[in-house]
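Note sheet for the following structure.
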Amino acid sequence: MRNLGPILTVVAAIVVIWYAGAVGLNAAWSKDQAARAGVELSFGEMVSQTLSQDRPKLPAPHQVAVELWQSTWVEETQGRRGLVRSGSLSNRSLVYHGWLTLSATLLGFAIGTGAGVLLAVGIVYNRAMDMSVMPWAIASQTIPILAIAPMIIVVLNSIGISGLLPKAIISAYLSFFPVVVGMVKGLRSPDAMQLDLLRTYSASGGQAFWKLRLPASMPYFFASLKVAIAASLVGAIVGELPVQQGGLGARLLAGSYYGQTAQIWAALFAAAALAAVLVGIVGVIQRRTLTRMGMAR
Amino acid sequence: MGALRDVTGEPMTQMGETVVAASGVDLTFETNDGPVHALKGVDLEIGKGEFVSFIGPSGCGKTTFLRCIAALETPTGGTLTVNGMSPDEARRARAYGYVFQAAGLYPWRTIGGNIRLPLEIMGYDKAAQAERVARVLELVDLAGFEKKYPWQLSGGMQQRASIARALAFDADILLMDEPFGALDEIVRDHLNEQLLALWARTGKTIGFVTHSIPEAVYLSTKIVVMSPRPGRITDVIESPLPKERPLDIRDSKEFIEVAHRVREGLRAGHEA
């Protein structure tokens, strides 16, 4: 609770700056309209108009909040296609699109984490992989994901794979990298003395892996997972841009096509909230695991 | 115990069969600045049940020689046998327990779990593991700490746990590389006393690397003085001290004489 004061102060400051920005950016359009109608706007009228435009350049916080509420709770409980009236999630609601993105994120995260761990084990245990894999892994991350995402979708589509998997693969493309880097570091973290100790026991390579290297890598693993899950979400959203078959990415792009800035911001906030929740969940698992292992005090 | 007390007061030169035999052991590391002679012409015999200290300035090869015995380094010349086998065979036969300068306990294992580590690797069953863990914890005076994590223990207690870990699988030889080097003097005195008691109870052959003259003289039946560039033995001193050694033996005439001879040996090596 000690932290609440500073956090609320920062949030309040952001809201104030946001309102000021909304007034400033949307004022031109309001003045324009007033000039065409031949009326003179008072400052108060001007401000209230800038905060209630249909297609503002920058929607005010309360407009975004209303849009978020409308496109989640109201749409599902009262909409014709909502959960209450149709029995399934409405394709106009952020809950539906958020779920699409989340499922691609989680699948991609699982693939990326698995691939990252396997690559890291290969790098640590195989000299050829040690010399060759890392440069490729780094190169893969220097290519803008926005450029390569459509290629992945087109190629996979041409061999009959569409829907969830292409998005998940783009998501895995981003998330394997932090896992590789973290796990290589983690698996190599035991020092020479620890390895010598196992030699004095004549331990096998497998025993050294399961009893020393793997447990020693856990703190690094979880740090990587936090980066990887956020990267997975970005990958899933980017994967949804060229496909336009639902998801938060599709909502973002649709919003920008039709000038629905409030819709874009609502989708952005939904994505940010999703990321925060996912990172939070990884954090809880991290704390539980490390405490159980006796590595957190 | 009775048998050991019989030799009290006698110089302990004859301890029976030879455990470690080194003759003309050389170890040269090839570096970018040319070869470094870590060990040159090292001849030494360690008998069963002896407590042998290796003392000398850093770079004299005392740790390197211990690592050769443990097959963590391979000599480039001469012959070295442990229990009549090559060091590598002895390592695979699990002939020795090794204690490093740092305790090196796994933070994710409890004290009991750390001591179980070698037992798990060597394939002891659960009942034998539990029995041995309890026995060695009692031996190093850490009974009751089995379920604690290493960070909950002081540095001295951690080092005792690492000694227990080296004792758990009943190797006859205990190799210790400056095990108390990082501890303060009060704790070190206490641990030295405990180590002597442990040695008397178990009858292990102990190789002990140190850079402390009082520690070497207090603990050892044989003190090997070494000097650097190239790493070699300059003096081997058979201690005249009795096997039963209270801490105040360090004020006795014999103790001071031995310490003096060690110091002379170190100085001679330094000037050479």
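Using the three backbone atoms N, Cα and C, a Cβ is placed for every residue, glycine included.
Automated prediction, rather than curation, is the source of TrEMBL annotations.
So that you can see what the record holds, here are the features copied from TrEMBL:
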TRANSMEM  A:7-29  transmembrane segment
DOMAIN    A:94-286  domain 'ABC transmembrane type-1'
TRANSMEM  A:99-124  transmembrane segment
TRANSMEM  A:136-156  transmembrane segment
TRANSMEM  A:168-187  transmembrane segment
TRANSMEM  A:220-243  transmembrane segment
TRANSMEM  A:263-285  transmembrane segment
Counting only residues 6 or more past its boundaries, what in the same chain has a CB within less than 8 Å of a CB in the transmembrane segment (A:168-187)?
104-105, 107-109, 111-113, 115-117, 119-121, 123-124, 133-134, 137, 140-141, 145, 148-149, 152-153, 156, 213-214, 216-221, 223-225, 227-229, 231-236, 238-239
Intrachain neighbours beyond the transmembrane segment (A:99-124), with Cβ under 8 angstroms and 6 or more residues off its ends:
89, 130, 133-134, 137, 164-165, 167-180, 182-184, 186-188, 209, 213, 221, 224-225, 228-229, 231-233, 235-237, 239-240, 246-249, 271, 274, 278
Please identify the stretch among A:7-29, A:220-243, A:263-285 with the greatest number of Cβ pairs below 8 Å relative to the transmembrane segment (A:136-156).
A:220-243
Residues of the same chain, at least six outside the transmembrane segment (A:220-243), with any C-beta under 8 angstroms of its C-beta?
100-101, 104-106, 108-109, 112-113, 116-117, 145-146, 149-150, 152-153, 166-179, 181-183, 185-186, 189, 249-250, 252-253, 271, 274-275, 278-279, 282-283, 285-286, 289-290
